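The following features are taken from TrEMBL:
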TRANSMEM  B:12-29  transmembrane segment
DOMAIN    B:55-261  domain 'ABC transmembrane type-1'
TRANSMEM  B:61-83  transmembrane segment
TRANSMEM  B:90-110  transmembrane segment
TRANSMEM  B:145-165  transmembrane segment
TRANSMEM  B:186-208  transmembrane segment
TRANSMEM  B:241-259  transmembrane segment
TRANSMEM  B:291-315  transmembrane segment
DOMAIN    B:331-537  domain 'ABC transmembrane type-1'
TRANSMEM  B:335-358  transmembrane segment
TRANSMEM  B:370-391  transmembrane segment
TRANSMEM  B:411-429  transmembrane segment
TRANSMEM  B:469-486  transmembrane segment
TRANSMEM  B:519-537  transmembrane segment
Amino acid sequence: MNRKIKLLSITSALLLSASIFAGCAKTAEEKAPAQQKEQVVNVYSDRHYDTDKKLYEEFAKKTGIKVNVVEGKSDELIERLAREGQDTQADILITADAGRLHKAKEQGLLQSFSSDIVNNNIPQNLRDKDNTWAALTVRARVIVYSKDRVKPSDLSTYEALTDAKWKGKVLTRSSTNIYNQSLLASMIESNGKEKAKEWAKGLVQNFAREPEGNDRDQVKAIAAGVGDVAIVNTYYIGKMLNSQDQEEVNAAKKVGVFFPNQDTTGTHVNISGAGLTKASKNKENAIKLIEFLTSEEAQKLFAEANFEYPANPKVEAAELLKSWGDFKRQNIEISKLGEHNKAAVEIFNEIGWK
Amino acid sequence: MERAKIKRHINGWSLISFVMVILILLPSVEIVSNLIKPVNENWAHIKQYMLKVYIVDSIKLTIAVVLFTVIIGVVSAYFVTFYDFPFRRFFKWALVLPMAIPPYIGAYTYNGLLSYTGIIQTTLRNKFDIAVNQKYFNIMSLKGAIFILTIFLFPYVYLITKSFLEKQSATLVESARLLGKGNIVIFFKVIVPISRVAIVSGATLVALEVLSDYGVVSYFGVQTFTTAIFKTWFSLGDVESSVRIAAILMVGVVFVILFEKFMRGRRKYSYSNTKIKPVSRKRLTGIKKNIVVGFFTIIFLLSFLIPTIQLLYFASLTYKRVLNSSFITMSLNTLTLSIMAAIVITIISLVIANYCRIHEGTLSKIISKITMVGYSIPAAVIAISVILLFVNIDRNLKWFYIMINPNSKTLVLSTSIFMLFFAYVIRFLEVSYQAIESGYEKMGKKFFEASRLLGQNTLKTFIKIDIPMLKPAIISSIVLVFIDIIKELPLTLLLRPFNFNTLATRTFDYAADEMLQEAAVPAIIIILISIVAISFINRVDKE
C-alpha cells in the first residue's frame, strides 16, 4: 500500500512542480522588462542557417544587444505576428522570399524605417519602396543541365523549355514550393497572366516525372538520367559541390549552370530579407541589427558560408559563384512577386502542376 | 429524486472533466464558427481543382496504411504471444522500436538511402557498374508514403494488441485448443474477435496519425487534406476556406470514430479473474519456424535497423560540427518539457476516463469523444487557434499582470512555455485517453463497485484500486505521450517561446535546408531517448 501512496505523491509533486515551472517562466519573463537593463532585439526568422546564429552572436558582442530568435516557416510566423497584433514581442521578421515580406506588409504588420546606412548598403530595387524591408541576400533561380547530354547553346530562356524538344526532359519540384510560385509570379509580371499560364502548361507537358523532392533531388535526377534540365536555385549547387558526401559532389559536377533569359527579361532572382514589425518595441535596436546584417562584414559571411549572392553590391560573391559569371537579373520590382503569388498558385492548380 | 440525480452528477470529477473538455473545445470554437459563414470566391476554385484529387488520395493513403498496419501489427502480436521461436524475446521488444523514429525522419532517411546518391545505388554503380532505372528506386510517391507510414506506425497496433492478448486471452485460446480447433480457426474465430477493441483502437490512432500527417506527405509531394489546408491557408491566403477543409477532415475523423464504436459493438469483455494466466506458447519448428523468423527479421530491418544505421552514418559525418553546449541545453529542454507534459496529460485523462466510466450516459460519451478533437485537427490549425485564445486571455488579464508588476507587458502567458504546454494537452490527450480507457475497459467495473459497496468513496477507490490496477496502462500512457511529444514538430515550431529549440525543431531546421546529414544528429538522439522510454514500458510490462 505504501508504494501506491508513494506513487501518488510523486505524481502530485510532479504536477505541482509543473505548475510552478509554468509560473516561474512567467515571473522570469516579467522581471526582464522591469529591469530595462538588458538591451534586446526579437527576431522571427525563416532562415535556419548556422551562419545567421554566428552573426547574431557577433552583433551582441559588438553592441551589447542580445538577439532573441523564434525560427519557423514564414507563413506561420506571419500568421503568429498577425494574431499577436500590437502586443507582439517581435521586432524583425526575416523571410527567405520577397513575396512573404510583401504579404506581411499588406497585412499591415510592417512599418517604414529610414536608415542611411541600410539605404547605402542595399540598392533601391532590393528594398521595399516604402522601406519596410530590405534584402539580405539574393538568390538566382536558374536552369541546370546535364553536361553530357545538353549543350548550353541549346538553352536560352525559361519560356523555351516548353519547346517540344524538351518533352520528357524537364525536372522541377512541386508547385507548393515558394520558389516556383515566385518564378511564375515574375512571369505574370513580365509576360501577363495568359502567357504565364501557357508557359506553366507547356512546362508540365515536358515534365520528365511528377514533381517530387527538393532542389537537390532535381540535380540528382539529372545525374541519374531521369531528365536533362532542371530549374533550381544556385546556392543548392554550391552546397552540393561542398557537401560532406562525395556522391553529392559527383552528382553536382555532372550539371552545368545556365542563366536564362539573358537576352530578354533577365534571370529570375528572389531575396531573403528583413522587415521591421509595426509593433516593434525595440525599434532602434532592430534598425541597428538590420544595419549590421547589411554591412560588408556580415554580407561577406552570408556570401561565403551559404553561396547566396550578397545583397550589398560592395561585397563580392563567393569564388564559386563568380566562376559561373556575371548575369543579367530580372528587372522587376521584387514586391510584385508577392502581389502575383495568389494568381500563380491558382494557375498551378488549374493546369495541374503538382 | 431529481435533486439527488443532479447531485450525483455534480462532484469534483465531473467538474474537472467539464473544465478540461471546455478548455479543449475553446480553440475549436473559432474553427467551427467559421463554418457558418457563406463560402467565398475561392471556394469554387478549391473545389474544382484541389478537393477531388486530395480527397481520393487521402482516402487511399489512410485505408492502405490502416490495412497494412493492422495486418503486420496483429500477426506479429499473435505470433509473439502464442508461439515460441528463436529470438522471440528479442523481437517482442524490437518491434516497438520503430515508434522511436518519427515518420518524417524515416521519410528523409529512406529517400537518402534509395536516392541516386544513396548507399544502394552508389554501391551498385561504383562497385558493380550497374545503373538502375530510377523508377524502381523512387520512394517519393503515394506508394512510398504508404510504405513509410506503415512501417513506422504499425507498432501502435502491435503494442496495444499484444498487451491485450498477453493478459486476456490465455484461457479462451487454451479452451479453443482443447476443443481441437486449428490455429487458423483460433486466429480468426477467437483472437481477432476478442481483441477487436484493442485492434480498432490501435487502428484508430494510426488513421488519425495518417490524416494529420504533414511531414511525410509534403516531403514526398503526395497531396492530401493537410496539403490542401496549408495550400489554401498560406498560398491563397484564405483562412476561412482552409478551416472549411479542416472541417471536412473532421467529418472524416468522425466517421473513423463512429466506425470504431460500431466495431466495438455493445459487447464488453470484463474478466472475473484478477490473476493473469500466462499463455503457454507452442514451439514452432521446421519451415514454419523459418518463415516466422524471416517475417520478423524483415519487418525489423525495414522499420528500424536499416534507417537507424543510415542515420548513424550520416551523423558520423557531421556530429563534430553539430554537437556543442547549446545542443546539450536543447536536449535537456526537450526532455524536461516532454516528461512533464506526458505526466500532466496522463493525469487529466485518468480523471476524465474515471468520470466517464462511472457515469455512463450520453454526456459522458460525448465527453470521452471530445478528447479526440485535438488529435483530429491538423496541428498547425490547433496552433493558430491556441495563439488566438492565449492572446485573448492575456489581454483580459492585463490588469492582473500590472497589479503584480506595473511594467508588465501584455503578452505574458502567450510568450511563455505554458502556451505550448497547453497545445500539447489538446493534441495528445487522445493518445493517453485511449491507453487509459482500454485499461479501464479491461478492468471492468466490478472492483470499483465492490469497493464502493464496502464503503469507500470514489476518490479512495480511485487511489487504492484503480490506479494500482491501471499501472501498466498509466505507464504506457505516459511513455506513449512522451514519445509523441519528443517527436512533435508543427506545434513546437509555431508556439515555442523565444530561443527555445527542441531536438525535433533542430532536425526540421536542418532538413528544411536540405542538410540531411546534419539533421541526422538530433534525429539519432530523438531515437535513442525514445528507445530508452520504450524499454521502460517493456520492463514495467514484465513486472
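Positions of Cβ are set from backbone N, Cα and C atoms, glycine also.
Most Cβ pairs within less than 8 Å of the transmembrane segment (B:61-83), among stretches B:90-110, B:186-208, B:335-358, belong to B:186-208. Sequence-distant contacts of the transmembrane segment (B:12-29), counting only residues of its own chain at least 6 positions beyond either end whose CB sits under 8 Å from a CB of the stretch, comprise 348, 351-352, 354-356, 358-359, 367, 370-371, 373-374, 377, 382, 385-386, 388-389, 422, 425-426, 429, 458-459. Within the chain, the transmembrane segment (B:469-486) has long-range Cβ neighbours (under 8 A, six or more residues past its boundaries) at 99-100, 159, 163, 334-335, 337-339, 341-343, 345-346, 349-350, 424, 428, 431-432, 435-436, 438-440, 442-443, 447, 502-504, 526, 529-530, 533-534, 536-537, 540-541. Residues 23-24, 27, 337, 340-341, 344-345, 348-349, 371, 373-375, 379, 382-383, 386-387, 390-391, 393-394, 397, 401, 481, 484-485, 488, 491-492, 495-498, 500 of the same chain lie 6+ residues outside the transmembrane segment (B:411-429) yet bring a C-beta within less than 8 angstroms of a C-beta in it.
When each of the listed stretches B:90-110, B:241-259, B:519-537 is scored by C-beta pairs under 8 angstroms to the transmembrane segment (B:370-391), B:241-259 comes out highest.
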